[in-house]
Structures are given as C-alpha cells and as structure tokens.
Amino acid sequence: MTIFESAWKYFFILTLWCYSTHSSILDSKYKHRAVGGIATVRREQANATLQPYVLGIRRFEGDTLQPRLEIRELERKPDQFNVLLLGLQRFQNVSQDNPLSYFSIAGIHGRPFMPWGGVEKDPQGSSGYCRHSSNIFATWHRPFLALFEERIYQNAQEVISLFPEGEFKNRMSEALHSFRLPYWDAAAVPPIGEGSYPWCVQRKTIEVELPCGTSTCRGFIANPLYSYVFHPLPVESFRSVPEGSKEEDRWVEWNRTIRNPTAHDATAESQDRVVAINLDWNCDNIRQRTYQMLAMQKNYYNISNNAVKNSQGEVVDSLESVHDTLHNTVGNGGHMWQTQYSSFDPIFWLLHANTDRMLALWQGLHPDSYVTNHSNSLATFATPPKSWADENTPLLPFRCDPSGGFWTSLTVRDHTVFGYTYPELTDLAENDTLIHRVNALYGENATSQFSWDQNQKHEPDSEEPTASSISSSTTPQAQRLDVQYHYFANVRAAKGGADKAYQVFVYLDADQSSGDATSSGNSPSMVGFTGFQSTAYHASELSPDEKQETGGVVALTKALEEEVRAGQLASLDEVTVASYLQEHMSWRVATADNPGVTAENVPDLQIEVTWAKMTPPTPSTFPEVLEGGFMHLKSATSGKADGVQDD
C-alpha cells in the first residue's frame with residue numbers, strides 16, 4: 001500500500017458516516033494528492049439538545065485560557081491552522097437541519113428567520129436575532145461567537161479522534177487544546193509586503209495535513225475560509241422578492257457565498273482582488289477610526305452602536321459603524337453586504353471576532369463604563385421595536401446552562417468566561433501597558449506588529465522615544481510639538497436611505513462630488529469611506545422605526561497632514577483648515593449596484609466636520625483633548641449640499 005493509498009484509507013474512515021457531496025481531485029505542482037470535501041454529516045452531534053446552551057471552549061477545556069490570534073498569526077502555527085481548517089470544513093458539512101450545524105448557527109443572525117434554541121418569534125418581531133443599532137450590539141455577539149468557536153472545536157475533535165494513534169494524532173490533539181477562533185484585524189498595519197486582506201481567505205483551495213501511513217502528507221481541500229456551499233440552497237426562505245417577480249433575486253441564484261460578485265445570477269464569481277484593493281484604499285481611515293474609539297472615547301454607549309446621536313461637536317463613531325464599513329467593502333453586492341445573509345460567509349466570523357476584541361480592548365482601557373439602559377428602535381426576531389435593554393437583558397437566544405437561563409451583557413462582561421482572551425491583554429506589565437500596545441498598533445506611528453516583522457527589527461534604543469522626537473520625525477511641518485489638531489467628518493444618514501447598503505466617500509477635491517465613486521476610489525484626493533448597512537434588502541421593506549438615522553466617520557487628520565507636507569495647506573489650525581475644506585472637501589455616495597448615486601438622493605444625509613486640540617501622545621500615553629473638547633467646524637461644510645450649515 002502506497003503512502004497516498006494509506007492517507008486515503010484514513011480519510012475514508014473519517015467519512016464513514018457521511019454522504020459524499022462535493023469532493024473533487026486537484027493536482028498540485030508537487031503532485032500531492034488532493035483531499036475531497038468532507039461530506040455532509042447526517043448524525044446528531046454529541047452536544048445537540050432540544051435547548052442548546054453555550055459554554056464556549058470551557059465546555060472542553062475547563063478553566064484553560066488561551067488567546068485568540070489574528071488569522072495571519074494563526075497561519076504561522078501550522079498545527080493550529082490545520083485544526084481550524086479540518087474542524088471548520090467538517091462543521092460546514094453538517095446537515096443543515098441540525099440545530100448545531102454551520103447553517104443553523106449562522107442562521108441565528110438573519111435568514112432563514114426561524115426559531116433557534118426554543119426561543120420563539122415575538123409577535124412584533126422581524127428579521128433575525130441580531131441586535132443591530134443597539135446598545136447591546138457588541139455584547140450580543142460575544143456568546144454568538146463563543147457558540148461558533150465551540151462548534152469548530154467539537155468538529156475538529158471528531159476529526160482528530162479518527163486519526164490512527166501516533167505522533168501526528170498527538171500533535172493535532174495538542175494543537176486543539178490551544179486552538180481558539182481567529183480574528184481579522186483590518187485596522188492593523190499589514191505585514192511588510194502584504195495588504196490588509198489575508199491571502200488565506202482569498203484562496204479557493206487550501207492545503208491540509210493528514211496521516212499518511214507512518215508519516216503525513218499534504219492535500220488540497222475546498223477552502224472553508226473562502227466560501228460556504230449551501231447543501232441545499234434554501235430557496236424559499238432566502239427569497240428577497242416575490243416568486244415570479246421580474247426583479248433579480250441573487251440570493252436564490254447563488255449556491256455558495258460570494259464576495260463582490262461579477263454577476264447577480266448563478267454565473268457569479270467572487271472578486272477578491274477588488275476587495276483587497278478597496279480595503280487597502282481605506283486602511284488608514286479604519287486605523288484612525290479605531291484609534292479614536294480606543295484612545296478618545298470614554299463612554300461605552302458612544303462606541304456601542306451606529307444609532308448614537310452626537311452632542312455638540314462630538315465624534316460619533318462606533319464598533320458597529322466600523323464593522324458596517326468592512327461588511328460593505330468585503331460584500332459589495334455579495335452576502336457580506338446584506339445583514340440577512342452575511343453570517344453565512346466564513347469571513348463574517350473573523351470580522352466579528354475582531355469586533356469582540358475591540359470591545360475587550362476598550363473595556364481594558366475604560367473598565368468603569370459599560371451597558372446602561374437604552375431604548376432600541378429596531379425589532380429583532382425575539383424582541384419588539386422600541387424595546388429597552390440594559391446589562392441584565394437576556395442575549396437571546398443564547399442559554400447559559402441546561403436549566404434554560406440566558407447569557408446577559410453582565411454575565412459576559414468578562415470575556416474570559418468563555419475560555420479565551422486576546423494577545424494584547426496577556427502579560428501586561430508596568431513597562432508594557434495596554435496603552436503602549438494600542439499606540440503601537442493604531443497610533444500615529446503605528447507599524448506592523450506581526451511577530452515575524454517584529455522579530456526582524458533591531459534591538460530598541462535604551463532610551464524611550466519622547467513625544468517631541470516622535471512628532472518631529474513623523475509629522476514634519478504638520479503638527480506643533482506642544483499641541484496637535486485632530487479632524488473628523490461625521491456622516492449621518494437614514495438606514496437604507498439609498499436603498500440597500502451604501503458607502504459615503506470623502507475627498508479633498510471639489511471636482512469629485514459627482515460621478516462614479518468606486519472608479520475614483522484610488523484617487524490621491526480620496527480620504528476614506530464609511531459604510532451603512534440595511535436590515536432589509538430594499539428600503540421599501542423597512543418600517544418607519546427601521547429607517548432611523550445612523551452614523552459613521554471618515555478621519556481627516558492624516559490626509560490634512562499630508563496636504564501640509566505637500567505645501568497645499570499652510571497649517572492645521574482650525575481657521576486655515578475650515579477655509580481649505582470649504583474650497584476642497586467633497587463627498588459621494590455609492591451602492592454596490594449604483595456607484596454614482598448623487599448625495600442629494602440619500603434621505604437625511606448630513607456631513608459635519610468636528611475638531612479638537614490635543615496633547616501629543618507618547619508611547620505610553622494617549623492624546624488628551626484640550627480647551628473645551630471637540631467642536632463643530634460648520635464653516636467647512638456651510639453652503640454645500642448635505643453639509644451642516646453655519647448659523
């Protein structure tokens with residue numbers, strides 16, 4: 001028996017209880033035999049009950065605490081990455097009618113709008129269980145992610161249990177103990193020579209390692225990080241328009257998740273290269289927004305969701321709004337673009353794991369602020385519109401024990417209750433504070449913090465850099481050494497205002513106010529864009545409550561600093577900047593299906609510029625706002641369509 005025949009023998013054992021669904025053979029340039037997709041698992045999983053409850057990794061590992069890693073860091077740990085791929089592949093192939101299948105768990109978020117875990121639909125409820133535009137948006141996702149993480153672990157455990165005894169099985173078992181769900185940090189400075197979009201989520205096929213006689217060999221499988229294949233496509237529950245309508249209904253055409261589609265019919269392919277380009281265009285903006293939330297926002301409610309309204313001059317940015325922007329950028333007409341379908345795309349889970357990480361970092365920096373009682377306009381599957389939520393509100397449908405109790409924001413306040421943490425929250429010492437780590441990741445002097453880039457650096461100087469040396473070396477002629485100016489564009493609009501999800505692009509060029517926003521995305525004058533999602537496919541489906549105003553932000557500071565360096569802007573004081581923005585600032589709106597939407601056609605769209613003076617940061621301190629906090633700069637937008645007008 002050859003080593004390849006032996007490998008296939010063990011893989012056949014792995015699928016004894018499966019029905020073959022979509023295996024294929026692919027040849028690699030090394031002539032490694034490919035591994036077909038693990039077929040649909042028809043039997044019930046070990047922990048399936050009539051009322052499932054969530055324990056996360058603690059169900060299997062007890063009190064063991066391990067960090068979730070950035071997906072590219074996990075990829076550098078081949079055993080743990082192998083565990084992820086094998087576990088996720090098996091998980092995706094569990095029968096869709098199993099309540100603990102990938103399909104059923106993803107379906108908690110939106111479609112198919114079915115009860116899960118015994119939690120029935122509220123008489124006034126609509127959509128899925130997810131708490132969009134809510135003060136518990138981020139906390140609701142914490143047990144949701146823990147459930148998903150738990151299921152990958154359990155499926156990987158099932159795969160490993162069928163391997164023959166020996167060194168490889170021992171390695172995989174050991175790797176499983178330290179496995180946690182990875183996250184994707186789109187705000188981080190990418191690894192040197194790479195972009196923001198990880199290569200491992202763009203590949204249609206990917207290598208895994210399997211037992212091969214007394215050794216191991218590598219083979220290719222359909223990449224479970226790239227797409228989810230429906231088996232079958234639930235046509236009736238995925239329809240977005242009435243049957244027989246002449247309007248396109250892409251969701252019943254695509255039998256797998258698609259990103260930035262080439263078409264709206266069954267011929268569609270993902271355009272991941274376009275996704276990568278768009279993410280790189282907006283990376284600086286996402287980084288500045290992330291830093292602003294972590295360093296400058298001290299109230300939990302302000303960063304909790306996209307429906308928060310600003311008071312005088314405040315920057316109104318949120319974890320949800322940054323998340324919306326990334327959803328739209330990756331999906332752009334595909335599944336991630338629409339909240340009802342987004343959770344079926346595997347990258348959804350990596351993005352949301354990072355949103356949870358951002359919440360955990362923010363909590364570490366601001367431990368005294370958390371969920372307080374607020375009304376939430378949107379209904380969910382299990383809650384009516386205009387319901388109130390506080391830290392004791394059940395995070396439906398996630399039960400915490402066999403007796404039927406539910407997790408709450410209070411009981412998930414400490415994320416380690418689910419057996420995971422994040423790298424930035426481990427081994428904190430007096431000379432290596434969380435602030436220092438956040439500054440290194442997202443501050444004005446941020447560099448790649450990926451381990452292989454850090455390992456190539458020289459030993460640091462014995463003397464810590466001062467604020468003056470940092471300012472003078474990185475922002476010549478742009479910012480004063482004793483005070484800095486920071487500028488942001490607050491963007492407000494009605495949810496679903498442009499029909500479907502949309503993006504608002506901001507430019508430092510008055511000539512960019514009309515035309516195709518996406519075709520000029522690589523214009524040197526583009527500052528960045530922010531995204532708005534919709535809980536419905538068509539704006540006409542939204543109730544008056546669901547058409548509430550939501551917000552996002554485009555950070556202007558770095559772009560204005562570049563204008564100073566280029567000699568196009570004399571200084572960053574508010575009078576000079578207001579005059580410059582009045583002459584040069586413009587904006588456009590684009591949907592995935594219409595890149596040339598005129599801003600005037602978006603109901604309730606409003607753009608305002610806000611600014612503040614701050615002390616410069618040091619490696620171990622954040623900037624501090626001076627002289628009255630953030631203030632409106634109305635003269636920057638006065639006279640412009642959809643701009644805030646001067647009194």
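Including glycine, each Cβ sits where the backbone N, Cα and C put it.
According to TrEMBL, the features are:
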- 1-23: signal peptide (SIGNAL)
- 345-356: domain 'Tyrosinase copper-binding' (DOMAIN)
- 450-477: region 'Disordered' (REGION)
- 465-477: compositional bias 'Low complexity' (COMPBIAS)
Distal contacts, the domain 'Tyrosinase copper-binding' (345-356) - CB-CB under 8 A, six or more residues away: 68, 71, 88, 92, 106, 109, 138, 141-142, 144-145, 148, 181-186, 201, 224-228, 257, 259, 319-320, 322-323, 326-327, 330-331, 334-336, 415
Secondary structure content of the domain 'Tyrosinase copper-binding' (345-356), with strand meaning DSSP E or B: 10 helix, 0 strand, 2 coil
Arithmetic mean of per-residue pLDDT over the domain 'Tyrosinase copper-binding' (345-356): 99
